[in-house]
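K.L.:
Per TrEMBL, active site, proton acceptor is recorded for Glu1106. Residues or ranges marked as [2Fe-2S] cluster binding site in TrEMBL: Cys17, Cys20, Cys52, Cys54. The FAD binding site feature in TrEMBL is assigned to Val167, Val168, Met169, Gly170, Asn171, Thr172, Ser173, Val174, Asp270, Leu314, Arg332. According to TrEMBL, the Mo-molybdopterin binding site annotation covers Gln680, Phe711, Arg825. According to TrEMBL, the substrate binding site annotation covers Phe827. Look at TrEMBL and you will find 139-324 tagged as domain 'FAD-binding PCMH-type'.
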Amino acid sequence: MFLCPQERIAKCHGTQCGFCTPGMVMSLYTLLRNHPEPTLTQLNDALGGNLCRCTGYRPIINACKTFCKTSGCCQSKENGVCCLDQGINGLPEFEEGNETSLKLFSEEEFLPLDPTQELIFPPELMTMAEKKTQKTRIFGSDRMTWISPVTLKELLEAKVKYPQAPVVMGNTSVGPDMKFKGIFHPVIISPDRIEELSVVNYTDNGLTLGAAVSLAEVKDILANVTRKLPEEKTQMYHALLKHLETLAGPQIRNMASLGGHIVSRHPDSDLNPLLAVGNCSLNLLSKEGRRQIPLNEQFLRKCPSADLKPEEILISVNIPYSRKWEFVSAFRQAQRQQNALAIVNSGMRVCFGKGDGIIRELSIAYGGVGPTTILANNSCQKLIGRPWNEEMLDAACRLILDEVSLPGSAPGGRVEFKRTLIVSFLFKFYLEVSQILKGMDPVHYPGLASKNESALEDLHSRHYWSTLKYQNADPKQLSQDPVGHPIMHLSGIKHATGEAVYCDDMPVVDRELFLTFVTSSRAHAKIVSIDASAALSLPGVVDILTGEHLPSITTTFDFLTDADQLLSTDEVSCVGQLVCAVIADSEVQARRAAQQVKIVYQDLEPVILTIEEAIQNKSFFEPERKLEYGNVDEAFKMVDQILEGEIHTGGQEHFYMETQSMLVVPKGEDQEIDVYVSAQFPKYIQDITASILKVSANKVMCHVKRIGGAFGGKVTKTGVLVAITAFAANKHGRPVRCILERGEDILITGGRHPYLGKYKAGFMNDGRILALDVEHYNNAGAFLDESLFVIETGLLKLENAYKFPNLRCRGWVCRTNLPSNTALRGFGFPQAGLITEACITEVAAKCGLPPEKVRMINMYKEIDQTPYKQEINTKNLTQCWKECMATSSYTLRKAAVEKFNSENYWKKKGLAMVPLKYPVGLGSVAACQAAALVHIYLDGSVLVTHGGIEMGQGVHTKMIQAQAAFNESISLSATGYFRGYESNINWETGEGHPFEYFVYGAVCSEVEIDCLTGAHKNIRTDIVMDVGYSINPALDVGQIEGAFIQGMGLYTIEELNYSPQGVLYTRGPNQYKIPAICDIPMELHISLLPPSENSNTLYSSKGLGESGVFLGCSVFFAIHDAIRAARQERGLPGPLRLNSPLTPEKIRMACEDKFTKMIPRDEPGSYVPWSVPI
């Protein structure tokens, strides 16, 4: 039995690994219960708090859109043209009779949504609740008491008795502080049943909202008020609504209360700066009576004279109406458009008293620029009495920069960016008010300069539209043959219903223990002592393992790990290195004990964090890897021009939805042991477990049902974690479970390698690159892991789609004091390819040519040879490029972008087109081998056993589509074996045949940037891919777009921050932002090239899991194009060199203007920065 939302998400292919799917279903179900026919805006808002790492969101949105009343139109008017019009944004009509399909599912098959058939809340429970006498409830444990009063009297009595106890509604502030900061409250008071705290009163002066009203309810109330009252009365309400649209996600807004948000006084609060400038007041109550205090700077700074007393509670908040000639605006900039804490936010209010344009009142507040919300009172006071003109603006900027000062070492970093936003927001406020004044009195107030009008529009993406094009299955196929059809993921329904079982869903086993880790807090130090006595004395603690307890290990996969000790005993080389393992009866007891393990360190030098420091200290793991083709030195003598440059690419966290998870169960007989684990490489898990237990591999049974995402992060590190867990289970003869929390997982497991690429290119004036000398450095971290393999793969793939007749590339693996980095989707190519494309872009600028022309002139020409002398046929590369150029309407849109840029000073658009050649292979025959076992049972059912791991890519689904059929007269059991592709490379000669085949593609992306804030909007992306003969177009398209969105995150918003001491700050979704629904292109068009050649693969299909990540760099170069346009208009000289990721900070600071020049700058070396670029 399943419901409509579950069916549609599954059948629309909105699930891959499935770990996030129940959350998506519940968000959609909640929306439909409240709005059976939602609008697209409501749909986007409902899903705004959900994250998915696999799908890229498009199929989830398409599933949800089947419930919306829409015309089939994109509801977008980018470039002034609708999707249904032909021209700039229109796709060419598909020819009738063409053997292609445009849909991956049929809406006619779906169950209709019938709200009358939904489950109702049980009336019996409602009756019981009404009859039951309401009284204070008290819940307690050995450490904590939770009090839930039902009347104000009971609440006040509890507050007198426990004055330091926090008052909690949704627990969205106190809860995270307790979980992540270790803050402990022995008593918590929860007044969520007290009606007086949820009042909504409309008075003559404004609106009074109860402190317990949720932020979601505040949003609805304000939306209703703004519709009913005149605009001049609702200036503040409009501003609050603007911030409530992006504040957290709907799940948090449903729980968080207005009073809790205010009293928490977080430095980056979105609402407090607005409430502070709006003359709001707080109604307080205690046993002594009622009183009212202003929500002002003193309250926000927690000055005792202006704050709540310990026994007082906040009852309600007064938000006054605006007056005529009073204007209020809200501004914020975050790493991601929605559901992200602001880097800087602001509330601004001005009142002219009457229509003379003379400032009578002015109030400006900022969040994110200090330990609390900062009000620029002194500056505002000095500006009162001045006319609203550009001279006032210039004075205001300088006054506020002087008053709202940020030290260079300020927490959160991004200091110069924050200083720039302070004045950029002020400029936007000036323009907004000026425009309103002109509308009210056009005679006395001049219009805005035309170049400034573009500064007023926001960039938020609201509605999404997509198209797909793929080859139909062969009409000669038997009707029952599923190959080539978009079959739903085999576990799709189970994902959507929540019935799919992941490792941590497995029921508790009898006598089960829990294991957690104690990790190093130093980047490079000697371990002086480990004192576990306090931890061992705690109840429920069974054992604490150190490196001295564990034997050394050897596996047949030595290239995967060089850690002689799984737990460090003498020295640590990074923050997050495993030191101890704590085993206890429960997770709570284990984690509590882990905090009590005392480790004494003696710091060691040097602490090497960056690639530059590694180069300076000659800290490398292996000798350089080198590949050379042609005669580079001679070619440099023949060229017209030579340029040298470099680009840095940051790392990336895997951010799989399911963290590292394992359960190890000793069988108690013949030393056998079962390992249930979320891992990509069970053979390695089996080997390392057998090694540490000193048993043969056949004693270890490794079970992997499915994985909630992996992306390369569940191989080596998972093996280490399993080995320790298995040792503990074997030692105590009891099952042991280990589930990492998100922060632990990110800290311990590493991710994608940061890269430094240096290039020297020799080229002709027509853009032909004749000589290229490249150096790659990757930041491996403290241990080798797979870093050498990554650098080798990057070198073998660095030329991407281009034929460089003379090429020299060298690579070094840098040893640093960071957690060791490892495999991540794309495996070195996303970094190596970006370095090459950056070089191409700079060559184009030097030649005065469009980058796309230089890309085309240097592209492989059909039959050719790679730098490692492997023959290649790139016919499909050329075809992908031409088709992408046509379907994206590139030429028309390029002209439209240039026209837009000529008319808009503060907003710029960019367009970029990038080709893709992704070689597929693992460098050895053994690594490519595969086997399958097929059993046919007498009832006709079939069991297929194979070596693939289901982690969202649909491998089980494809295997079932490709299964063999047997006649009843032959054996009902059969095996198949594939020895592997011929794959080899000789690094001495630089020659070989490392890859079996190549995936080709092309991508075109268009963006718009806000030059004042650094925000960007992804307008449209067109992708054309050569996938061979697709076994399942739905799965293949899902892999392409999911990888593209992951790559887009890599190149734009996903940023890792480390302290100068090597401590990772970005350990969870609060600090590390992966793309959300608000980030995907408003238009996404994917086309699969019709198959044109047979290859030595199953059904001539191609593996697509890795290649699509690189397509995300088209967004990077589209932003680059937009920044170039901005700088060109401002007369700024080149060359323009931008590092990845291109965050709002980098975008804003590259768009230099009078505001970036106005801010104070700190001399390097005069302060200790909050973070260092890794």
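Glycine residues also receive a Cβ, built from the backbone N, Cα and C atoms like all the rest.
TrEMBL labels come from automatic prediction, so no person has curated them.
Context for these features, please: burial, neighbours, distances.
P.N.:
Cβ neighbours within 10 Å of Glu1106 (active site, proton acceptor), excluding its own Cβ and spanning all shown chains: 20.
Counting every protein chain shown, the number of other Cβ atoms lying within 10 Å of the Cβ of Cys52 ([2Fe-2S] cluster binding site) is 27.
Of all Cβ atoms in the shown protein chains, 26 besides its own fall within 10 Å of the Cβ of Asp270 (FAD binding site).
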K.L.:
Are there any residues at least 6 positions away along the chain from Cys17 ([2Fe-2S] cluster binding site) with a Cβ closer than 8 Å to its Cβ? List them or say none.
P.N.:
Arg53, Cys54, Tyr656, Met657, Glu658, Arg706, Ile707, Gly708, Gly709, Met951, Gly952
K.L.:
What are the sequence-distant neighbours of Gln680 (Mo-molybdopterin binding site), meaning same chain, six or more residues apart, C-beta distance under 8 angstroms?
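P.N.:
In sequence order, Ile707, Ala710, Gly712, Lys714, Val715, Thr718, Ile949, Met951 meet the Cβ cut-off.
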K.L.:
So among Cys52, Phe711, Glu1106, all listed as recorded positions, which is physically nearest to Asp270 (FAD binding site)? Use the C-alpha atoms.
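P.N.:
For Asp270 (FAD binding site), the spatially nearest of the recorded positions is Cys52.
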K.L.:
Name the one residue among Cys20, Cys52, Val167, Ser173 whose Cα is closest in three-dimensional space to that of Arg825 (Mo-molybdopterin binding site); these are the binding-site residues.
P.N.:
Cys52
K.L.:
Need one number for the FAD-binding residues Val167, Val168, Met169, Gly170, Asn171, Thr172, Ser173, Val174, Asp270, Leu314, Arg332: the maximum pairwise CA distance in Å, whole number please.
P.N.:
28
K.L.:
Restricting to the same chain and to sequence separations of six or more, state which residues have a Cβ under 8 Å from that of Ser173 (FAD binding site).
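P.N.:
Expected: Ala256, Gly260, His261, Ser264, His266.
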K.L.:
Including all protein chains displayed, how many Cβ atoms other than that of Cys20 ([2Fe-2S] cluster binding site) lie within 10 Å of its Cβ?
P.N.:
23
K.L.:
Using the CB centroid of Gln680, Phe711, Arg825 as the Mo-molybdopterin site centre, which other residues of the same chain sit with their CB within 8 A?
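P.N.:
Near the Mo-molybdopterin site, beyond Gln680, Phe711, Arg825, sit His654, Tyr656, Gly709, Ala710, Gly712, Gly713, Lys714, Ala823, Leu824, Met951, Gly1105.
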K.L.:
Across all protein chains in the structure, which of the binding-site residues Cys54, Val167, Met169 has the highest Cβ count within 10 Å?
P.N.:
Cys54
K.L.:
Just how spread out is the Mo-molybdopterin site if you go by the largest Cα to Cα distance in Å among Gln680, Phe711, Arg825?
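P.N.:
Max span of the Mo-molybdopterin binding residues, Cα based, is 13 Å.
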K.L.:
Output, ordered by sequence, the same-chain residues six or more apart from Asn171 (FAD binding site) with a CB under 8 Å from its CB, or 'none'.
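P.N.:
Non-local contacts for Asn171 (FAD binding site): Met255.
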K.L.:
Could you tell me the mean pLDDT over the domain 'FAD-binding PCMH-type' (139-324), as a whole number?
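P.N.:
Its mean pLDDT is 95.
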